[in-house]
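> Quick one: the structure is below, questions incoming.
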Amino acid sequence: MSQKEQTLMTPYLQFNRHQWAALRDSVPMTLTEEEITRLKGINEDLSLEEVAEIYLPLSRLLNFYISSNLRRQAVLEQFLGTNGQRIPYIISIAGSVAVGKSTTARVLQALLSRWPEHRHVELITTDGFLHPNSVLKERGLMKKKGFPQSYDMHRLVKFVSDLKSGVPQATAPVYSHLIYDVIPNGDKTVAQPDILILEGLNVLQSGMDYPHDPHHVFVSDFVDFSIYVDAPEELLKSWYINRFLKFREGAFTDPDSYFHNYAKLSKEEAVDIATSLWNEINLMNLKENILPTRERASLIMTKSANHSVNQVRLRK
């Protein structure tokens, strides 16, 4: 089969960086360099150029989709003769540990909330829906943190389902990376946002992952648009190790940090531990649970060095 025939058969439209950047059209830049600095992750070089060439075209596309969804809701209300409840448009962001999902989520939240409609955009990470450490220890799952079985999936699905059902408000637990645990009584209330951005490792999982349980309900069943942030395995590993080293010099120095003992490690020891954590936990989770869901995404952003996106694939 020729490369041209393979391209025609793919469910995705493929864009290089230059082609994607051209789709920004005339969307104005609404973020300053100072704001971008606050939005980026500890390990990322997020530039004004990256926001302009990658995230502004994406926010334009999402705005079209969201506006179309609102029109569809209005048609349904007109047909039923009702004043409908506010149903949020849900965007999910998946990808490996250290790929930059959180930065993507924060940038999109900032951009989408600054469209002329001034939409209310909430951001929730699925980390909060991890079982507390006490439960994970009891079940022998501390080394499986981030794997599907480490989450309270019932509560996560109920949270998303409630919002899609138009309930006035729903609560989401909050996770602290400092204490490496869910914050007791630290729930966040989400009250009928226009847009919900849900960021997490496994938000693209579906019934295809559980063929033995056809009645299982998944977060992906309630998502309107899904994004997978992708990068080559070797880059992910280096980003994870570099992030660990930065935490060793920063967050781990806090006496309250769960990983405070790591602050005393030499650089060589820290690299060895980070490499082991990557190989034994995060790489395994990526290969077994995260990467197999990539082709279900509405859009795949592929990163190269310095967290710069060099390819975008959009589902037809």
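Including glycine, each Cβ sits where the backbone N, Cα and C put it.
Quick paste of what Swiss-Prot says about this protein:
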type: BINDING; residues: Gly95, Ser96, Val97, Ala98, Val99, Gly100, Lys101, Ser102; note: ATP binding site
> Using other CB atoms within 10 angstroms as the count, which residue among the binding-site residues Val97, Ala98, Val99 scores least?
Val97
> With every protein chain in view, how many other Cβ atoms are within 10 Å of the Cβ of Lys101 (ATP binding site)?
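If we count other Cβ atoms within 10 Å of Lys101 (ATP binding site), we arrive at 23.
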> Using a 10 Å radius around each Cβ and all protein chains in view, which of these binding-site residues has the most neighbours: Ser96, Ser102?
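Selected residue: Ser96.
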> Return one of helix, strand or coil for Val99 (ATP binding site), based on DSSP.
coil
> Once the chains shown are all counted, how many other Cβ atoms turn up within 10 Å of the Cβ of Gly95 (ATP binding site)?
29
> For the ATP site (Gly95, Ser96, Val97, Ala98, Val99, Gly100, Lys101, Ser102), what does the 8 A shell look like? I mean other same-chain residues with CB within 8 A of the CB centroid.
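Near the ATP site, the remaining chain residues are Val229, Leu236.
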